[in-house]
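Here the structure comes first, spelled out in structure tokens, and everything after it is commentary.
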Amino acid sequence: MQVGIDQIGFYTPNKYVDMVDLAHARNQDPNKFLIGIGQAKMSVADQTQDAVSMGINATLRYWNKIDQDKIGLLVFGTESSVDQSKSASLFVKTALKMKPQVRTFEVKEACFGLTAGLMIARDFVRVHPEQTAIVIGSDIARYGINTPGEVTQGAGSISMLVKAEPRIFSLNDGHSAYSEDINDFWRPNNRATALVEGKYSTQVYLDFFTKTFATYKEQKNWHTQDFSSIIYHLPFTKQGLKANRLAVENEDEETTKRLMDNFESSKQLGMNVGNIYTASLYMSLLSLLENAKLAPNSLIGLFSYGSGAMAEFFSGNTIDGYEKQLDIDGDQKLLSRRRKLSIEEYERIFTVGLDLPEDGIVLESDESAGNWYFAGTENNVRIYKQK
Ligand code: HMG
């Protein structure tokens, strides 16, 4: 029995900053951001979009296409948690009116959180093949105004339906994991923005990639040329490019070209949305599926990295006809509907978003009809509404 991804839903908020504008405002050469970092735009969440609302909106993208009664598990991976105790997934479950018998919880290990959820879902479906699982990754990357990390911010969510005999992507058995207790990037409980040892984090990412990729190939007795594509967690696209260059070192021309071309396809969404932490790797998968021409049963390698740090390499295969399950036009519309912010507007929205609104204040959203948003708190309880 194959188990894997049957549906992928994507959401990103309706505002963005152009990297050329940001470079001018920060007295930087735009090519540093466009080429040196590899980012063109970053989505910006205002106070009415948080991990929960974005996760609901991503799931809504496929919600009416699935058998909702079969859902037995709902896992939410995030590092932009809205509560220290209650899981983000309970808000999602209520908004989507899921049945009370669904097992649901939140997981955390920086950007690795959604991969953890996906692996739990895969194993759950193996044991309960008649049930399905929903896994959501949803995050807002905040480093701060005028920090080196500012150009690597972003906001968005990916939601996936995991089931037996999936129609998009089957997940292979096995994985290679590697973890170390280090301080490359972290966000203490009293902070709304991340702390980061930027250059160090980029080195650890590459080191963990080299280790997990080598171990995985050894475990499976596979070679680099067996992969049709390798995709990455993309904190910014240049980081993935550097890892991909390591992957193709000493490979033949054909393999190098294929892996480089497919990397280009996989980075298109990330380059225009920014880092969405837990969901970033799966936005790379969606981008690859939408922009590359992949034969049925193409072997895709996935590198998941979460600071702190935990990395995993695993793989899966495309399912014949996967294109029919995608909504490429819908994803393009989602990006093109975004309003470009001036740098002053972005800075104001960013600063307001660092704090919760005063209890009892009702927030209004400028999202389009059908989308969910955070409407403020009543007696310190978070309220979510649909436009
Ligand atoms: P910086 O100090 O701005 O960068 O910080 P830089 O001065 O090293 O320049 C960056 C690149 O631009 C360099 O290229 C320059 O040469 C190039 P590289 O040497 O890297 O190939 N450059 C130019 N290129 C073209 N034209 C020009 C030009 N000028 C310079 N004119 C840094 C960069 C990434 C460190 C910073 O943005 C940062 O701290 N970001 C946040 C941390 C991060 O994203 N780390 C990634 C690995 S950790 C991770 O992935 C986990 C994470 O997602 C969190 C989680 O797990 O939850 C972050």
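Numbering starts at 1 and runs along the chain as displayed.
Yeah, the Cβs are placed from backbone N, Cα and C, and that goes for glycine too.
Cross-referencing Y143, Y373 against the (3S)-3-hydroxy-3-methylglutaryl-CoA binding annotation in TrEMBL, which names D29, K242, N275, picks out Y143. Counting only same-chain residues six or more apart in sequence, the Cβ atoms lying under 8 angstroms from the Cβ of Y143 ((3S)-3-hydroxy-3-methylglutaryl-CoA binding site) belong to G149, E150, T152, Q153, T193, A194, V196. Taking E79 (active site, proton donor/acceptor) as the reference point, the recorded positions whose C-alpha atoms are within 10 Å of its C-alpha, out of D29, C111, H233, N275, are C111. With D29, Y143, K242, N275 listed as the residues that bind (3S)-3-hydroxy-3-methylglutaryl-CoA, the site has a largest C-alpha separation of 22 Å. Each of the recorded positions D29, E79 was scored by the number of other CB atoms within 10 A of its CB, and the lowest score belongs to D29. The recorded positions near C111 (active site, acyl-thioester intermediate), taking a 10 angstroms Cα-Cα threshold over the set D29, H233, K242, are H233.
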